[in-house]
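Visitor: For reference, the structure I am asking about is given below.
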């Protein structure tokens, strides 16, 4: 009882101190001791922007010659895996309301807009063999031109988790090396059509997130995982497929960057999400392996000096 009372008293004192600190901070703000945050609070040249992804906001899923992506199929077939059981058929309707969206960005004082291009809106069948969709190119030209008119820079992501369904049906998308050249062909169309106005390109958005959630847990399209995973998938191999997909993403990135540097060089980026792994005595080796896989597998390719062959070496 004495110990419990001491713990309760200690917790009460800590709570009181926290409340006092919050009141002190609020008083400082009211007294004007902390300057308000403004553009002057940031270094010269700092870019303020907003971002989106094509499937999450465009809508117009069956308009303008667009072909389906794996997310169309996933949301239609597995609405139970979507929190509100919605899909991207309409979404934010940016396909029709992009001028209003750009106007709001300008009103908010944004310097840049990072958006993704829908691969299947440019190549409805995923590859050059299926033909180029001029209506899709016109849509993105109109969006980019509207951004320029309002003084907003375009930061373009080429892939944000939305593999064309045609390529998923043809050879299982990023599980096949065939995706490398098809992705490069798609990227080159974008460089040719939009590169005179777009100076910032992002090859892949968070590649590890795509690989792990699409092929390990099955919670993202195309929803592949081993039977015992929480995604309750009908097909997949959580121990192999995420690494196969990541491998092909890295090769596609490398081929596209080589092409870009040789023919269209301005600047290129990749958006990565690194992970912090908690270490503990019981699972120290597992934590180390998880850290290497989630961070080194992809970071080492994009940043030099990287970890070299540590991922491959660790398998021993």
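Glycine is treated like the rest: Cβ placed from N, Cα and C.
As the structure is a computational prediction, the values presented were derived from the model and not from experiment.
Copied straight from Swiss-Prot:
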type: ACT_SITE; residues: 206; note: active site, proton donor
type: BINDING; residues: 56, 160, 205, 206, 314; note: beta-D-glucoside binding site
type: DISULFID; residues: 225-233; note: disulfide bond
type: CARBOHYD; residues: 125; note: N-linked glycosylation site
Visitor: Measure from the Cβ of residue 160 (beta-D-glucoside binding site) and count the other Cβ atoms within 10 Å, all protein chains considered.
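Guide: For residue 160 (beta-D-glucoside binding site), the 10 Å Cβ neighbour count is 25.
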Visitor: Within 10 Å of residue 206 (active site, proton donor) (Cα to Cα), which of the recorded positions 56, 125, 160, 225, 233 do you find?
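Guide: Of everything listed, what lies within 10 Å of residue 206 (active site, proton donor) (Cα to Cα) is 160.
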Visitor: Taking the recorded positions one at a time (56, 125, 205), which has its Cβ surrounded by the most other Cβ atoms within 10 Å?
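Guide: Per the Cβ count within 10 Å, the most buried is 205.
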Visitor: Considering Cα atoms only, can you say which of 125, 225, 233 is the nearest neighbour of residue 160 (beta-D-glucoside binding site) among these recorded positions?
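Guide: The answer is 125.
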Visitor: For the C-alpha pair, I'd like the distance in angstrom between residue 225 (disulfide bond) and the residue listed as 'N-linked glycosylation site', rounded off.
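Guide: Each residue's Cα considered, residue 225 (disulfide bond) and the residue listed as 'N-linked glycosylation site' end up 25 Å apart.
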Visitor: Please report the distance from the Cα of residue 56 (beta-D-glucoside binding site) to the Cα of residue 233 (disulfide bond), rounded to the nearest angstrom.
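Guide: So the alpha carbons of residue 56 (beta-D-glucoside binding site) and residue 233 (disulfide bond) sit roughly 23 Å from each other.
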Visitor: Output, ordered by sequence, the same-chain residues six or more apart from residue 233 (disulfide bond) with a CB under 8 Å from its CB, or 'none'.
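Guide: Within the chain, residue 233 (disulfide bond) has Cβ neighbours under 8 Å at 218, 223, 224, 225, 226, 227.
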Visitor: Three states by DSSP: which one describes residue 206 (active site, proton donor)?
Guide: coil
Visitor: Rank the recorded positions 206, 225 by the number of other Cβ atoms within 10 Å of each Cβ, and give the residue at the low end.
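Guide: It is 206 that, of the recorded positions 206, 225, has the fewest other Cβ atoms within 10 Å.
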Visitor: To the nearest whole angstrom, what is the C-alpha distance linking residue 205 (beta-D-glucoside binding site) and the residue listed as 'N-linked glycosylation site'?
Guide: 21
Visitor: Check the DSSP secondary structure of residue 56 (beta-D-glucoside binding site), expressed as helix, strand or coil.
Guide: helix
